[in-house]
Amino acid sequence: MKQGLIGVLALALGATLLSSAVWAKTPWQEIAHPVAGTPQSIGSFSNGCIIGAQPLPLQSLDYQVMRVDQRRYFGHPDLLAFIHRLSTEVKRTTSGNVLVGDMGMPVGGRFSSGHASHQSGLDVDIWLQLPRQRWSEQQLLKPQPIDLVNASGLNVNPRVWRPEVTTLIKTAALDSDVTRIFVNPAIKKQLCAEAGHDRDWLRKVRPWFAHRAHMHVRLRCPADSLECQEQSEPPIGDGCGAELTSWFQPKQPSSEAPEKTTPPPLPPSCQALLDRHFAAR
């Protein structure tokens, strides 16, 4: 019981960090509107920005957008098109509504907390639940995640795991614009067990810390975004063997203090974007 409570508290804390507005703002969070221009994703997913970002339409029959008060629903047009494709197909196959979490800020850039990536307009968090009934405005502003992983962290919780979660993740992975989908290792383990002979899509599904209630979907660099830095391809194979097993091995405690890291220099085009914005104020 104690372990279960710890798991619930950990999930709640994670959700609080992701949605907190009390942290000090970064310069990027002070820019309220996209920069006009031909859409261009610049830099890397964890050190970049975007010109010509577009807001995801907040009204759709197939998806709902959460925490709109935080204005994290901007992205490259390719990302908006992916969300439309995903939600349309998932609605057709499951009758459920896709819940869209954080995308990016109006010009991308670094968050003060919650995300290291989501900076170049090509990342989106999709919650791993598909409600048949539309959520109210209050539910969308204060969404309640469902922790799909049990207290041990070794397996999904069978009481809350649903087959349509596999459908949701697989549908996203089969999209040609998607390069990676980050989920909790226990969720990846469950997907490996359910996949059967059709396993190629599992290559894109990558185990990562947390991600107990949502998947983080990342798209490839758009062909015409010449300053976008592509991530290397995932390793060959379904990722269900030794690589996945390593996530469940006991971690050896380190005797060394963690090194303090400083953010890398911005790509020149992103620094210029910031400079122009604040010079005009």
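Cβ atoms are placed via backbone N, Cα and C, with glycine included.
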C221 forms a disulfide with which residue in Swiss-Prot, given the options C228, C240?
C228
Recorded disulfide counterpart of C240 (Swiss-Prot; options C192, C270):
C192
Just checking, which of C192, C228 (disulfide-bonded residues) has the fewest C-beta atoms within 10 Å of its C-beta?
C192
Would you kindly give the Cα-Cα distance separating C240 (disulfide bond) and H115 (Zn(2+) binding site), rounded to the nearest Å?
26
Given the disulfide-bonded residues C192, C221, C228, C240, tell me which ones have a C-alpha lying within 10 Å of the C-alpha of H118 (Zn(2+) binding site).
none
Cα distance, H216 (Zn(2+) binding site) to C270 (disulfide bond), nearest Å?
24
